[in-house]
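What TrEMBL annotates here:
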REGION    1-29  region 'Disordered'
TRANSMEM  59-82  transmembrane segment
TRANSMEM  115-132  transmembrane segment
TRANSMEM  152-172  transmembrane segment
TRANSMEM  184-208  transmembrane segment
TRANSMEM  269-288  transmembrane segment
TRANSMEM  308-329  transmembrane segment
TRANSMEM  341-360  transmembrane segment
TRANSMEM  428-453  transmembrane segment
Amino acid sequence: MTANVSTLASEPPPPPSSSHMGNAKKDDSKPNVIVISDAGKAIDRKLDQHSTYEFGGPWGVTAIMTGFPLLMYYLWICLWFYDGKLVFPKSLGDLQPFLGRIWGHVREDAYPSAYAWKVYGGNIIFQLVLAWIMPGHMQEGLPVPSLGYKKLVYNCNALGCFYATLVTAFLLHYTHTFRLTEILANFGHLMSVGMIVGFSVSFGTYFYGVATGDTIRMSGNFVYDVFMGAVLNPRIGPIDLKMWAEVRVPWVIVFFLSVSGGCKQYEELGYVTPNMAFMILATLLYINACAKGEECIPQTWDMYHEKWGFMVIFWNFAGVPFSYIYSIVYMARQDPSKYRFPTPVYIIMFTTLLTAYFIFDTAMSQKSRFKMQTQGITTFRKSFPQLPWSIVQNPTYIQTAHGNRLLTSGWWAYSRKPNYVADWTMSFLWGAIIGTNSIIPYFYSVFFITVLIHRTSRDFERCAIKYGKDWDRYCQVVKWKFVPGVY
Ligand code: NDP
């Protein structure tokens, strides 16, 4: 433990009324690299052991693993065949025929067709090849405790790969080799293929981890470990599979499903509705944010803490792509007159989207770049678009006894999760864009707020263990969890 750190750590907590600037250490000099203290390393080792079951333990994760795929089929069926209305059996006696009808829809319209394998599999292989061969920005991740604080290097080429995908998709569509409209038309089939791939990769990665001994934080319970994952940073050649799957699979599919919806409307109506244009913009902003800020992703909790298990894998291969854009599925089946808004509503929707995006992008960037500075990185990648206030000048922070620093400037002065608030606002708009015609497109925001609240409590519990009294001090300085003055 450095003298500087122990001195700061022994300071009494500040009075609750103090301003954050008064409590945090001001960094006027060149940012210096953090040193993890011995006590910090001991805590990191503790955090790398399985201690308690999360998500309701083995029974809870079994319910999630079976329940979510069934729910996804049900919601898709309601949207595709029943005008977005939730359908139920009319009586107990109707239960069997009802289940028969549901199964009939799955069997007829969501079987994993050869065509869906070609499209879904083709995209996966294409994205893997691009990730392997395209040049990119080389970025060091955070020191990984389980690897003796070694820093993994990530080839951040998602942006180049996305541009290459855009050009390829345009050429395929233009030459009628592969019409983009067909993606949405095959939604059910593609979803089934995505689920099969999600399950296969989850079990495959688990068995690979166990066979090679490359496991971490194992509970010893088979189902639970498949769900949480066995390995932390699986790689094939230069590709970090966890980061590749997080960016290149779900958001690419989500974006092209939106584009597919736009192409379909253009072919059928001769124009694209503002609602569909909104979704194309919203999904474009998201995929572009992930790709242009890819070098910030190694600093996120998913990369340095979460393992590559069913929870992450299934969600990347099937959950996100086929349950976040139900508004597009709704629009694909309904007449535009059903979801047309007056112009001022569109202005409010677009303005709110762009504002939320601005906060999301800059909040993530401020924290990640602050963390990079603590790693000694002082020049940053300048991919398009770089928004104002992406880097906090002379940041204030809490120096923890662990060695890490907690940022208390920029958006992070007002809330401990400004990025979550902005991200959730966008998810709400993704559903609200079809109005109140169906509640199904709101699934994403309802699911997401549950995930974010649960994730926040898991994260804060972990930080409380990791930073002890310094975490309490940080919570006094940055009082609000989500929205200042509210919660
Ligand atoms: P955070 O970016 O909030 O990361 C949490 C970690 O950051 C903490 O464990 C802590 O780790 C560190 N940290 C927290 N506060 C500070 C601070 N003030 N200064 C420095 N370090 C701090 O969240 P996530 O990584 O969970 O999420 C990243 C983004 O991904 C979010 O915007 C989220 O909305 C999005 N996301 C989207 C999903 C989707 O399906 N659309 C799903 C999940 C996430 P430590 O101190 O150990 O470094």
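The count begins at 1 with the first shown residue.
Positions of Cβ are set from backbone N, Cα and C atoms, glycine also.
With pairs at least 6 apart in sequence, the transmembrane segment (428-453) and the transmembrane segment (184-208) have fewer than 3 Cβ pairs within the 8 Å limit; the two do not touch.
Packing against the transmembrane segment (59-82) from elsewhere in the chain are residues 53, 102, 105-106, 109-110, 187-188, 191, 195, 223-224, 227-228, 310-311, 314, 318-319, 322-323, 326, 329-330, 333, 438, 440, 443: each is 6 or more residues past its ends and has a CB under 8 Å from a CB in it.
Packing against the transmembrane segment (341-360) from elsewhere in the chain are residues 274-275, 278, 281-282, 285, 289, 387, 411, 418-419, 421-423, 425-426, 429, 432-433, 435: each is 6 or more residues past its ends and has a CB under 8 Å from a CB in it.
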